[in-house]
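Undergrad: The feature region 'Disordered' is assigned by TrEMBL to 1-23. TrEMBL lists 11-23 with the feature compositional bias 'Pro residues'. Feature annotation from TrEMBL assigns transmembrane segment to 43-70. For 370-555, the entry in TrEMBL reads domain 'FtsK'. Annotation source TrEMBL lists ATP binding site at Gly388, Thr389, Thr390, Gly391, Ser392, Gly393, Lys394, Ser395.
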Amino acid sequence: MDRPDHDPAEPTGPPIVLPPHPPEPAAAGFPLLATVAPVAGALVLWVVTGSAISLAFAALGPLVAVASVLDGRRQARRARSRAAAERAVRLEEVRAEVAERHAEERVAAWRRMPSARRLAEASAPDWRATTPGAVVVGRGGVASGLRVDGTAIDAADRELVAFAGRLEDAPVQAPAGLGLGIVGPPPLARAAARGMLLQLAHRCRPDVVGLELPEGEEWSWARQLPHHGSGGDRVIRVVDNAGSPVADRSSPRRTGGAVALGAAGAAVAVAEEAASLPPGLATVVHVAGPGAATVDRRGFGGARNAVVPELVGMVEASGWADRMRAAAVREGYAVVAALPTEVDFDGLVQPAGVFGSRAGLLVHVGVHAGGPLELDLVAGGPHAIVAGTTGSGKSEFLLAWLAALAATHPPDRVAFLLVDFKGGAAFEPLHGLPHVTGIVTDLDELEAERAVLSLRAELRRRESVLRAEQARDVVELGPDADLARLVIVIDEFQAMVERFPDLGAVIADIAARGRSLGVHLVLASQRPNGVVREQVTSNCSIRVSLRVMQRGDSHAVVGTEAAASIRPDTPGRGIVDVGDGVPVAFQSARVGAGALARLRARYAGVAPARRPWLDPLSANLQPGELDLAAASARLEPGSLAIGLVDVPDRQRYDVLAWTPAVDGHLLVLGAPGSGRTTALAAVARAAERRDPASLVRLDGPRSRRWDTLQAVLGRVERSEPGTRLLLIVDDLDTGFREWPDEHRHAAIAALEVVLRDGRQAGVHVAAAASLAHRLGAGIREAFGRQLFLRHPSRADLVHAGGTGELWRAHEPPGSGQWDAHRAQVVHAPPLPAERLPDPEPLDIDEGLYAVVSAAPRADLSTLREAGLDAQLLEPIGHPAVRAVTAGDGVGPTGARVVVGDADAWAANWSLAAAVREEATVVVHGGPREHRVFQAGPGLPPLLDDSATQCVVTGPAAGPLRAGWPPRARRN
């Protein structure tokens, strides 16, 4: 009985049902009654009629009975014949169905296990298996997976069941992992072995399954396979004992034992006689001729199969091996194990004759199967993508590449801008090389963004240089042209784009225009797939993938999944496409500290390469520096230069200039300590240099601020022609907080008028506040320009109208943003405060004085101590007070003084009305006291200290501020 191969046939589709056998017809019995009844009737008739002729009817019964029995048997024979014919037809139909199902099963079987000759015609391998599996040893009969239901009763049934259970012309398989032997004439045996080895090499991954071959020309074709010498953990060993001495060390003739299969290995042994095969082989194929062989399954109880062997000629195998080697190059498997596990940078010989050349950037960065790995960002680029997971050696590869560039090109021919978004440690060993223009890290994200944005300005500068030199490309520049190639290396490009999405457009711009301008990108990421824009990848011809975790990532970068199969214990191992579309396995060089030290010593004293971006703005911008910048800038007439603005995408500093006539009012916003006062001082000093008389500062005691604000309001309301005035207001949001309500509201209303109507009257305002939301909408919206200094939080800055991306938690005073760019205000010392004299004390001489006091009795004592004969006004009045107001009882000074609080004067309204036109009213208190004699809606002058100041209103003079206590003048 034939045994199934290593993969038993599985049921395929619904079962075949045997046609049922027809039931046997029941045997007909003898009709006894039908026979006896005619005899009895004839006897009765004879008795009645006495006719002897009636006795003849007695014979009819038996005749009819016998005829009925014979007719029943005839009908039964006919029914059996019809049923047999119908079943024969059904059997043929079932047999046809079995044949059709066998054809489908055969096609599926050959599809699963193609023949060696079919595989020999293939151009692409199927390298997915990690262990040697089964091979097709020939074409023959195998157990079918077709199921048959029903009971086989006769020979036809048994023949149909046997036919359904065996699949002819199918692939006969044998497990290579248990050992395969081929016996027969050497040419035929080796042809069969070639077919088996071809199948194994077609399916097994070269980096996992290796191949050990005997010496001799017969196996030279297999030495071209990437499996040969790959050092995989699993090994396919070929032993050739057919007619020649054994040359392979693993041959049993040399070792005297069985072939060691190892962990999930395989063995293919060839011999002219079975006795020459090594022991332990589970399957032996005896090849008798090109079309006849027998499969002896020693490992399966001695089952044997007659097959047509799978024979492959040397020419076919060689052609197939060449195609597999080309595929191995494409897939990155080319002689992987032949690479060293470590390459010393000092041992690499760099290309000769390239030093100082503008034509290219050819360097050696490692080795591949054919020798040194050459990379040229000019010839193969202009840009490159590098992928590699943590621990893959990606940073070491970048170091080797940059060190090789520095070793072969001076800093006036190539410069490096290094951006590292994982802390900066990767490029720190290169610090000190004159080629390095800067190492930008994510530790200062804003500075990193600023450096990358500056690259747009670098592109424009390079375009200008090429135009001036009348060159279309960097290669066409003369030897004295000051334009080195710039290699921009961004490690963890994915992190940079996630943090600053807008920088993706900058990188895309460089990728599109960099070739002719001599700017080259090297973008490194753990998973570039889906991160790098398509317009960038289309210009990245050099593709490098060190070990990655996902096959899709490897395929997206280098067009092969091989980089996902690199072992973690080989850092620096990778797959590279140098720009020709062919992926190649390589081992990166490792740069030691000594090699970098020698490079630094070699370039000691050499001028460093030009930086493609400016230094950050100084936190201590001096007036002299600003004056130089302003002198060379083209400012609008009437502009006030107060600082510098960093414009990285144009590689320049602009002057922070406020032009009141064009910009409108200026609002400086910032937290306490952010430099608000310094900014206003810069505005004030700039205004003083232009026109000192036009500067008005709203500072000092509140009485002065009130008077200043009222004076400015008056100028705005009068709209005097030719007026040009700049009002400086600090603490706009908190400066009026401690004022009395009436004065605070009046001051805010006055400011709104000045801000709204001031520009038409030639009055402009520069103000400072801590938070924008503390200002009313009318005031906040009146400012045309805003200077944002440090804010407590990003949300506060955005709410105020600033750019959140420029927010920093810690900034020096005067640092902020202007027009969505970083800005620094000049360090201007505050203007000296003006020393104001205290108001002169009130002089009381002749005349009537009505004193409205918040503390009348205390003020009465004060007045009397000053030598004044003052009288206290009570709510119910007093004859003495009336006498004083009438002119009687005048004291030695000739003054008549009446002191009362607001309630007392209100109660004596007739007295108040009588003295209103004649008396000098002195208010020593607040707005409540002022309203007693107030004739209009205005407010009195604001006092700094109501205890030491008072408001005096004469019969013909407006309210004036005076000191308290008063002085008495003697006649």
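Yeah, the Cβs are placed from backbone N, Cα and C, and that goes for glycine too.
Can you walk me through where each of these features ends up in the structure?
TA: Taking the domain 'FtsK' (370-555) as a whole, pLDDT averages 87 in the prediction.
When secondary structure is read from DSSP and collapsed to three states, Ser395 (ATP binding site) falls in the helix class. Counting Cβ atoms from all protein chains shown, Ser395 (ATP binding site) has 21 others lying within 10 Å of its own Cβ.
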Undergrad: What is the set of residues, excluding Gly388, Thr389, Thr390, Gly391, Ser392, Gly393, Lys394, Ser395, whose C-beta falls within 8 angstroms of the centroid of the C-beta atoms at the ATP site?
TA: Gln526, Leu546, Arg547, Pro571
Undergrad: If you draw a 10 Å sphere around the Cβ of Ser392 (ATP binding site), how many other Cβ atoms fall inside it, taking every protein chain shown into account?
TA: 26
Undergrad: Most Cβ neighbours within 10 Å: which of the binding-site residues Thr389, Thr390 is it?
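TA: Comparing the binding-site residues Thr389, Thr390, the most crowded Cβ belongs to Thr389.
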Undergrad: List, in sequence order, the same-chain residues at least six positions removed whose CB sits under 8 Å from that of Gly391 (ATP binding site)?
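TA: Expected: Arg547, Pro568, Pro571.
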Undergrad: When DSSP states are folded down to helix, strand and coil, where does Thr389 (ATP binding site) land?
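TA: DSSP assigns Thr389 (ATP binding site) to coil.
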Undergrad: So if I draw a 10 Å sphere around the Cβ of Gly393 (ATP binding site), how many other Cβ atoms end up inside it?
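TA: For Gly393 (ATP binding site), the 10 Å Cβ neighbour count is 22.
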Undergrad: With an 8 Å cut-off on Cβ-Cβ distance and a minimum sequence separation of at least 6, pull the same-chain contacts of Lys394 (ATP binding site), or say none.
TA: Val386, Ala387, Gly388, Asp491, Ala524, Gln526, Leu546
